[in-house]
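Only one structure is covered here, and it is reproduced in the block below.
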């Protein structure tokens with residue numbers, strides 16, 4: 001169905017009619033000029049992020065449902081990175097004409113799945129047209145007790161630097177997706193050349209054979225064998241709210257925290273700058289999945305670079321007092337990768353062979369274009 | 001300066017380095033994973049809106065500074081429409097390569113002016129690249145005492161329907177801007193044709209004369225004489241927080257309220273739907289500026305259609321109990337344009353000659369494409 005057949009208000013009504021807020025902080029969700037929230041004595045956390053087609057996502061790889069799920073996880077991850085709980089989400093969409101009502105419904109399906117996972121209410125939606133690609137903006141609102149909030153600025157000398165999960169896998173997932181896209185387009189180009197040849201020589205039997213071959217492209221199956229984890233990390237990341245729960249249960253209060261969207265290097269630099277400190281990261285301690293390692297080798301890429309600068313990990317990077325060393329050790333899925341130093345000592349990676357390299361921050365979004 | 005020379009973080013630092021929060025509710029502004037706000041017992045209002053180049057704005061007419069001012073006023077207007085006070089704003093920008101650092105600085109200049117006007121803090125900014133045009137998303141956060149909030153849903157039978165300012169002027173401003181753009185492009189086309197003719201006949205004297213004439217296009221002055229108000233309304237709308245103050249001073253509490261972004265017809269329909277009521281609007285009572293009327297005549301357009309469906313007025317449309325009739329009468333700049341009826345009576349415009357026409361809602365953003 002075309003969006004114009006429903007109209008702007010019809011579309012918004014259709015998408016939001018079954019949305020029922022579940023959080024006590026949601027007083028009024030979709031349907032007025034603004035959402036109305038009540039946070040009482042808690043502090044309100046707000047984070048907003050824009051995603052542009054061709055820059056942050058490529059609809060050749062990712063469908064609308066996964067895209068919504070992923071972008072929602074990304075903004076929720078920002079709230080978790082403050083040691084807060086996401087409670088509401090507001091979505092803005094700029095849609096070019098090629099999008100049908102069904103596409104937007106799929107987007108909302110993915111958005112609802114992400115929101116259900118963390119009991120988040122969809123409290124607003126703005127939909128407009130776009131002359132070109134798809135633009136998505138998500139605003140996530142969350143809450144935390146004042147004393148629970150963890151900023152980027154609280155790291156202290158001797159603190160341990162910890163990271164959840166593993167790094168570089170989403171980036172290697174992207175490399176595989178890009179390779180398969182290239183293979184797909186090469187096959188199409190070869191096919192088109194064969195058709196042109198057959199047309200030039202007016203070879204009807206050949207053209208008929210090629211016509212039959214055509215359908216195989218619609219069934220193109222990218223080769224993801226042995227890379228499933230990497231593809232999953234790229235297309236369906238999970239915000240690490242579970243890590244906050246583990247830390248709480250272990251009675252650990254991080255001194256600083258950030259989520260890894262632009263890569264470990266960039267994020268640890270943010271912590272160092274905001275906390276006015278330096279750091280040492282041990283290359284050997286950076287958690288890497290075996291699929292990531294194997295794929296780096298296959299692509300002849302540097303594994304540590306993928307882990308440091310790949311980005312899109314959406315893992316939590318945080319610091320804890322050195323006294324929490326043993327408590328952290330007992331938690332599965334958290335790795336101690338280094339320690340905080342005086343600011344004057346700078347931010348360095350200690351390689352496996354004992355050399356020190358200065359860590360360079362690298363922004364993600366703007367560098368891709 | 002190219003954005004890539006500064007980098008994503010450098011750009012954000014440069015844009016936000018002088019921003020100092022002034023509201024007590026702003027605990028932490030720009031510079032962490034999320035803004036941290038504290039609203040105590042007040043309710044939190046959140047509204048988010050996306051603006052796409054070529055759909056909501058055309059950079060042929062509006063410069064980056066005015067664009068920022070206008071879009072900020074639009075999201076603040078949503079908070080005022082709840083009878084709340086805007087306190088924080090978060091901006092997301094998707095920027096194509098043609099934008100330089102100076103363009104973004106101009107955008108921030110306009111944003112800061114709008115924020116200063118209503119004492120709003122800029123508490124977050126996300127900047128990314130875009131493959132095509134400019135995409136802007138603004139999220140505005142505001143506050144209100146629970147008992148002060150005015151929803152779209154509170155209108156009651158016999159309530160008076162009121163509107164601030166005048167309607168249709170921003171729409172007629174757009175018509176003039178579009179006409180001047182057409183004139184400009186026609187002149188360029190005619191000029192290019194003359195150059196081609198001279199080139200074909202190799203008429204060097206003529207080519208030299210045309211070369212001199214060229215500079216006049218850079219000085220093209222659109223003809224806005226007598227239309228200044230309309231252009232202002234289109235390019236520099238003002239959110240009507242002042243009206244809330246006047247109502248408060250007069251001890252008037254609206255029963256329902258909305259701001260007029262898509263046109264009076266569309267907005268009164270929203271109030272009727274949400275309040276489960278009907279309405280009668282008197283055509284003769286709709287406030288129209290004389291520049292709007294004169295320009296409608298010049299363009300041979302229907303004045304009431306411009307006022308009903310033009311949109312972008314950003315005036316407040318609200319209902320008050322009939323007992324407030326005299327109090328409203330005393331306030332300059334508010335017009336009583338009709339009254340609320342039972343739902344079964346529908347929503348109708350009563351024309352100057354006494355006929356009744358059913359009011360048709362018309363979405364704005366999606367219809368322009």
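Keep in mind that glycine also has a Cβ here, set from the backbone N, Cα and C atoms.
From the options A:174-215, A:216-257, A:258-299, the stretch TrEMBL describes as coiled coil is A:174-215. Under the three-state DSSP scheme, residue A:108 (ATP binding site) falls in the helix class. When Cα-Cα distances from residue A:108 (ATP binding site) are compared across the binding-site residues A:33, A:48, A:262, the shortest belongs to A:48. In this set, none of the binding-site residues among A:125, A:261, A:312 has a C-beta falling under 8 Å from a C-beta of chain B. Here residue A:152 (ATP binding site) is positioned 17 angstrom away from residue A:48 (Mg(2+) 1 binding site), judged by their C-alpha atoms. Every protein chain considered, the tally of other Cβ atoms within 10 Å of the Cβ of residue A:33 (Mg(2+) 4 binding site) stands at 26. Residue A:262 (Mg(2+) 5 binding site) has A:312 as its nearest neighbour among the binding-site residues A:47, A:125, A:312, going by CA to CA distance.
Note: the CA-CA distance between residue A:312 (substrate binding site) and residue A:126 (Mg(2+) 1 binding site) rounds to 26 Å. Here the Cα atom of residue A:33 (Mg(2+) 4 binding site) is found 11 Å from that of residue A:125 (ATP binding site). Per-residue pLDDT, averaged over the domain 'PurM-like N-terminal' (A:31-143), rounds to 95.
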